[in-house]
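Annotated domain 'G-protein coupled receptors family 1 profile' per TrEMBL: 39-288, in sequence order. Per TrEMBL, the feature transmembrane segment maps to 23-48, 57-76, 96-118, 130-156, 194-219, 240-261, 273-290.
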């Protein structure tokens, strides 16, 4: 039997060897992360502190913000620090943890998008039964089920991906532990089991998106039948942010699924990975703040209170 090298750490490859560009890349990563961190935390804070937003829809939105914050936190801080310090290595345990956490939050987000589409379907298509069906206990159970289903999927997927040692190479042509890259350097036995899991996952994801598609078709067909312009505008304003986020999530998922696995680092592959790992968590709070009237009003109210508090503090000091 030939001697095999079992790798316990991976080497992450940068697009450029220039020290200045690597630092610039790290600064860009951290700026995007801080923007996503602030946006999602503000969304959660506004929903929690404003009693007018204590409804099932905003409860789901706050959980979506927490998932977005968690998914980007699993990848970007480590990648940003690595770029700024020119550290290209990541341990096997860190890589497994990164994939486990990212898969967990993304899978939970898909499940929560299904729950949110059903919530809007009941609110608009069956408003008389909404309060009887969408109860606080059901909301809590559905949200906990979304988080739990993502956790189970991530545990099974990560366990299958890392169940055998890596002996081919330890070079990852990406700035983080990208799943296609890990799959590329894994053994053939691991690839076979992971592909089976992926096939089952794709089937369930397609079922989820089919359910969401049918829900939104029914929603907009019902909205078009509403005679009141004000009621129609209000119904559309509660659906369009979720639909925009769903489309952004779908586009980023398609980009991640159909992009070729890079064999060497390039600017195109860097931008592609940034698009599906950073753009949705960064853009989602912006979409909600711009397209949802209630959140925009609550946000304006919160900033006005903060400004008044600052003014009072200044007056007391003088």
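For all residues, glycine too, the Cβ spot is worked out from N, Cα and C.
Fair warning: this is a prediction, and the values are worked out from it, not measured in the lab.
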**OP:** Count the Cβ pairs between the transmembrane segment (57-76) and the transmembrane segment (130-156) that lie under 8 angstroms and are 6 or more residues apart in sequence, then report whether there are at least 3.
**Re:** yes
**OP:** Average the per-residue pLDDT over the domain 'G-protein coupled receptors family 1 profile' (39-288) and send me the rounded value.
**Re:** 87
Original post:
Is the number of Cβ-Cβ pairs under 8 Å between the transmembrane segment (240-261) and the transmembrane segment (96-118) three or more, considering only pairs separated by 6 or more positions?
Top reply: yes
Original post:
So are the transmembrane segment (96-118) and the transmembrane segment (194-219) touching or not, going by 3+ C-beta pairs under 8 A with a sequence gap of 6 or more?
Top reply: yes
Original post:
Near the transmembrane segment (23-48), which same-chain residues lie under 8 Å Cβ to Cβ, leaving out any that are not at least 6 residues past its ends?
Top reply: 14-16, 54, 58-59, 61-62, 65-66, 68-69, 72-73, 76-77, 79-85, 175, 270, 274, 278, 281-282, 284-286, 288-289, 295, 298-299, 302
